[in-house]
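**Student:** To start, I am sharing the structure in question, which I have written as structure tokens.
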Ligand SMILES: Nc1ncnc2c1ncn2[C@@H]1O[C@H](COP(=O)(O)OS(=O)(=O)O)[C@@H](OP(=O)(O)O)[C@H]1O
């Protein structure tokens, strides 16, 4: 007599490359099979937490066994494999997974038409937000995996400053390069988070292939004592990039930023002078002393050679961004991929912008889209500041071997 039982559990058996799906409770034929049923059911109870075979296996076994109807299994995320074109994404691969490098935006439609619709421009006050999102996408495995060799790596180059000299614009332009990757926000490792250790720092970096260069920008590094030594301890052969601009306009820009955060701030003039009558400058005010580039440079040169440091002129970054970026690519040992075809001058902003970013497909400008209000200052103050900076500028030109031309205008 044949006694049919309800099939509740399925087992997969491999034989060579083939997989077989076998019901845990089988057709019972006669008394002799009772022992087998008991064994199988005990086995089933032990493994009841198992949430079902992966889809891929189900598909195979469904075919092999000819079983058409199965309850849909709950699948563990780690087991899901999604196929995207001809590559496979492992969803739960962890941070070391490798992902697609974007194509260069060299077939920009605006570039071809020669017209940039400024209304279409993506103004990013916080470039970082975009990159954070991209990073999250990475973690969700939304970008194509291309290799197993990607990993988060410590930076091989740093943009160390100077604050308010065009560091964001520089990094925005450099991000166009497929061999450059940078973390989203400023990491502030060497000035604020040093106690967290190098492993923490490394984890802030995006995953890169060994052929790619990780670069980090924190403009406060340049002026903070102790940072050069810490950087040297991490990587004595690291490449350093310093953006500099006329220290007088840098100071005004710095002040405007401060004022945007502190509405009760005193006037520039009040803060700049220790004694307004004599015109004695307060060199302890960070807005002014951050522009004494030579002083900070001497500190860096105690640990790094001059040829490890590349200086970008903030003025040329605006007037001739492609020329300035070409030199940075050379310094970093990268192919000159970023050229004038990736950049355009945005008349509304008064600054060069990236024509199109590969991730969101819109032109990209740095900073707030609005008129800049520098502090109203007297010509006397400007002259006093110029007199103050002149000897330091001269020293800076001597050390770097380059005249940045800040003292040409009288
Ligand atoms: N392409 C482009 N787009 C926008 N802004 C540009 C660009 N190139 C240089 N600059 C100058 O950058 C100044 C801000 O400097 P930073 O980016 O270094 O500022 S920050 O330290 O990161 O806050 C900012 O200073 P101010 O506008 O004078 O405030 C700009 O002069």
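Cβ coordinates come from backbone N, Cα and C, glycine included.
Nobody curates TrEMBL annotations by hand; they come from automatic prediction.
The model shown is predicted, which means the values in this text are computed figures rather than measured ones.
What TrEMBL records for this protein is below:
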{"type": "TRANSMEM", "residues": "20-43", "note": "transmembrane segment"}
{"type": "DOMAIN", "residues": "155-390", "note": "domain 'Sulfotransferase'"}
{"type": "BINDING", "residues": "245, 253", "note": "3'-phosphoadenylyl sulfate binding site"}
{"type": "DISULFID", "residues": "353-365", "note": "disulfide bond"}
**Student:** What Cα-Cα separation, expressed in whole Å, is found between residue 245 (3'-phosphoadenylyl sulfate binding site) and residue 353 (disulfide bond)?
**Tutor:** 18
**Student:** Using Cα coordinates, what distance in whole Å links residue 365 (disulfide bond) and residue 253 (3'-phosphoadenylyl sulfate binding site)?
**Tutor:** 18
**Student:** Between 0 and 100, where does the mean pLDDT of the domain 'Sulfotransferase' (155-390) sit?
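**Tutor:** Looking only at the domain 'Sulfotransferase' (155-390), pLDDT averages out to 94.
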**Student:** At a 10 A cut-off on CB-CB distances, which of the disulfide-bonded residues 353, 365 has the highest count?
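**Tutor:** Buried the deepest by this measure is 353.
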**Student:** Looking only at 245, 253, which of these binding-site residues has the biggest number of Cβ atoms within 10 Å around its Cβ?
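**Tutor:** When each Cβ's neighbours within 10 Å are tallied, 245 tops the list.
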**Student:** Residue 353 (disulfide bond) to residue 253 (3'-phosphoadenylyl sulfate binding site): how many Å between their Cα atoms?
**Tutor:** 19
**Student:** How would DSSP class residue 245 (3'-phosphoadenylyl sulfate binding site) in three states?
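**Tutor:** For residue 245 (3'-phosphoadenylyl sulfate binding site) - judged by DSSP and reduced to three states - the answer is coil.
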